[in-house]
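Q: Annotations for this protein, taken from Swiss-Prot, read as follows:
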type     : residues               : note
BINDING  : C107, H109, C125, H128 : [2Fe-2S] cluster binding site
DISULFID : C112-C127              : disulfide bond
DOMAIN   : 65-161                 : domain 'Rieske'
TRANSMEM : 20-42                  : transmembrane segment
Amino acid sequence: MTQLSSSDVPGMGRRQFMNLLTFGSVTGVALGALYPVVNYFIPPRAAGAGGGTTAKDELGNAITATGWLSSHPEGDRSLVQGLKGDPTYLIVEGPDAIGSYGINAICTHLGCVVPWNSGANKFMCPCHGSQYDATGKVVRGPAPLSLALANVSVENDNVFVSQWTETDFRTGDKPWWA
């Protein structure tokens, strides 16, 4: 074999080197900027056996059933972070029982957070006056639909919220939110 002389070997010129350096830098910045966007669409990993997400308090701490039941009386409806971080009401059904379903607190009219009015025993939207009964069924408009439901389960004292796919027990219809 013959060796090529150094003058016959093509070298990388300054312009080509700068082009490669610029391309690499722009690609790195673009991938770095896209990471949070892609990460947004990946579901959270903290899940129960049913594929739900861990219910969290207003500070983002995981909720334990014993802790929740010790600080909330029977019949209480209090907000937690549920599916996709949406505000969801956990229902205390007894001194040692959290309800098997949660109620999404987002109004079906314009998306306001609907507070629980314990005096009237219903959810009342402050934005346009929609009202929902204790189960989240719409009783007065302008909201067109009942509040969405979520399954609630307790496993090893951890509270999990998962997608509701069963028939809506309030209307007998398929869930509109699934």
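For all residues, glycine too, the Cβ spot is worked out from N, Cα and C.
As the structure is a computational prediction, the values presented were derived from the model and not from experiment.
Give me the lay of the land around each of these features.
A: In the three-state DSSP assignment, the secondary structure recorded for H109 ([2Fe-2S] cluster binding site) is coil.
Annotation for C127 (disulfide bond): spatial neighbours C107, H109, L110, C112, criterion Cβ-Cβ under 8 Å with sequence separation of six or more.
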Q: Radius 10 Å, atoms counted are CB only; among the binding-site residues H109, H128, which position scores highest?
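A: Sorting the candidates by Cβ neighbours within 10 Å, the top entry is H109.
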Q: Near C125 ([2Fe-2S] cluster binding site), which residues of its own chain have a C-beta under 8 A away, given they sit six or more steps off in sequence?
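A: The answer is C107, H109, C112, V114, Q131, Y132, A143.
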Q: Need one number: mean pLDDT over the domain 'Rieske' (65-161).
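A: Value for the domain 'Rieske' (65-161), mean pLDDT as a whole number: 87.
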Q: Around C112 (disulfide bond), how many other CB atoms lie within 10 A of its CB?
A: 16
Q: Starting from the Cβ of C107 ([2Fe-2S] cluster binding site), draw a 10 Å sphere and report how many other Cβ atoms land inside it.
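A: Cβ-Cβ neighbours of C107 ([2Fe-2S] cluster binding site) within 10 Å number 23.
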